[in-house]
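Notes follow the structure.
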């Protein structure tokens, strides 16, 4: 001991703590082979505990005790049950292990023992197919555990069939699939089944495969032969393996896709894409998956829906060991998911627990009021449905014991003059009265050198509070402690430190010296849980807890399953989601199809669907339509999120119930009756083989003629009969049918037979050449009657060409004149005219001949001279002389345009001179051309004239004076022409 220091030593001891049985290994389901040389079956069971568990009367078969001392076939090795000379008649059933010690008793889960013969189902005889066809070789295994693999031997062991895009071995059925048989496939095949645990092998008898020679090799479209169930039930976290393989020639290619989504990136394609594996499946992986097989002959698809559905219950909340003082209250709650929804029962020391005065049990919750020492023991919560049961175990210890200390030796070194704190924390029930001794002398609180530390108490209120989403609450934490000690507060949520700064503004601390309140604003569902206030001083740490329940709209219901489907109804089932502490009042069923605008509420039976229901029927659906369904729950707080969609299902076929609409007709060629209608949407076709029935009869007759139109997309039907004249009235109706039968007809309407195409040609066709490139054609319309023209078509071609190489031009309406342009000069053209309408063309008129005029002069006016006096401009030029193949000059055209403007003023003169009077203020451009019957000739070079400044440059508002030089150049004969 150092000088100036002192120490004390406290030695505390206690016996080893007892605890109840806890299973280390529980029995598993097993399949025992009756062909095994070893006739023993072992069901495993091992538990730990203090004292060590015993197993003398530890096994139950189908709920009955097994006495190993009476039945010599049973023996125990530790907790394992050995069955000698196992017999299916006696030993088949459910086994349960019971472990017990002085603390209590627990039961294991149930394990099913089944029996099987290790042989393969086999039908004698070989298989014979044509080359290019597909074949399936069957391998039917006995009942077995999952640890089994299939392979096929070809001709002799160990020559195994190699899998590729043409050959596939299903690990679901064991069958060998060959999509396209080749000569190299001929031989003997043996199915081999291997247990991967025991390495036991079973071989089938040989199956010979031969080729037929009676027939040609044919190609055919794919046919999917590896059939999977439409819905795969999978527990969260497992690997889902989907198989798809098709027969076909050429060998089909397999592709996969996820409907309304992408295949998870973690998914793997194996065996030439015939296998899709999705490891660690999660909720977001559920949905509809499609396998497509394609070759050059066609394609086919198959769909399935892996659903996250733990058929057997799975724990979401389990019970834990609890220690209570006498008189306190025990509250345990266990929760499990499953389909159907699990039910709960409780065991105490392996025996059923029933409700009593102090014991309450409801929906997985156990409450025992004012616990007593007799309540101590091992408790088990059992959650079960038709797929199995699971057990959660916990020990209840009632603390009615003398004070006990830990075995630790505590050495405290203190400095003279400094404070020191000595802890005293015995285990005792009820709470003990504590005194201190120093040596042989009791320490009194009046000793001036000793300062008693008051025991700290922490109160957290309220202890249990229920609030609704959006409300606010304050949890108040008050500590009563020794004033000489500093105190620290720490808030916890579900045993994790609560960081108010990361709470999105929902949390706020309100702190004083001895209190720390927690305000929670605008509460969300995720804020529910167990809140803890941990108060700490240098001498002690105390934790007080409170539970916050948040009421809100329900969570999404569990996976929706289509149990039964008819033509207009679908029976749906689902599991309850969390109600968020407000009972579910109603469920809303919704559906969507390729024809709906998103999700739509459907009518149900019953109506409404109340919150205690897990099944209902959607009614008034359309037959032969693919639907997805989902369920939405509602409580007094609001409506929650919808469930995940169900797999897509198609309603059954039915006779059509919707008739075509807008039945009408008309048009068509002569002697035709044309009937048209608006097609029935695919949504209302109600099945395969959909088509139309067109029924008609002439007005005044009795019998109906019916014609079938097999295309569902058809909108017209034409009936031809040479006997009825144009515009004959008919009564017409259109009905529908499919593979299930005939549906309704539309209302009867009157439709006239076609008046046909024009029957007569136009008359009095005349044509005249307007220039070297234009011909004007006129004609008279044919006599009125059936086949009225809606317009006319003019055909024209050169005399030396065939009519087929000519050109055609149509009128806009019923005009009886047309100007043909873009023609060659001095050329003979042949012209015909015929009428047309929507049905066709009528006969042409007789061809007429017309010659275009010669081309206009190719030379421009030359030596153009001009003299300007103020605003007067005198022009003169050399006359233009036409060539032999050109039209004679009959005059000249003078064009005047103000610079910057597109509009030109034009004057004509028979002579080679002219006088122009121009407005003031502007620059003008003058051009001269020769004029002939063939048109205008080439233009002269431009003349630019600038007039003196004036008040306006708008040529449209000023007059331009032209002086024309008449023959003999006699000024007395000049004529003044004014242009405005």
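Residue numbering: from 1, along the chain as shown.
Each residue, glycine too, has its Cβ placed from N, Cα and C.
Heads up, TrEMBL stuff is auto-annotated, nobody curated it.
What TrEMBL lists as domain 'Ig-like' is 21-108, 118-204, 222-305, 313-397, 403-438, 456-549. Among the features that TrEMBL reports, domain 'Fibronectin type-III' is placed at 556-654, 659-756, 761-855, 856-950. For 640-666, the entry in TrEMBL reads region 'Disordered'.
Confidence annotation: the domain 'Fibronectin type-III' (856-950) carries a mean pLDDT of 86 in the model.
At the 8 Å Cβ threshold, with sequence separation of at least 6, the domain 'Ig-like' (456-549) lacks contact with the domain 'Ig-like' (313-397), having fewer than 3 such pairs. Broken down with DSSP, the domain 'Fibronectin type-III' (856-950) shows 0 helix, 57 strand, 38 coil. By number of Cβ pairs under 8 Å, the domain 'Ig-like' (21-108) is matched best by 313-397 from the list 118-204, 222-305, 313-397, 556-654, 659-756. Same-chain residues lying 6 or more positions outside the region 'Disordered' (640-666) and placing a CB less than 8 Å from one of its CB atoms are 230-231, 259, 283, 286-288, 303-305, 307-308, 552-562, 565-570, 572, 574, 577, 580, 590, 592, 599, 621-634, 673-680, 684-688, 690, 692, 732-747, 749, 751-752, 754. Note on the domain 'Fibronectin type-III' (761-855): DSSP counts are 3 helix, 44 strand, 48 coil.
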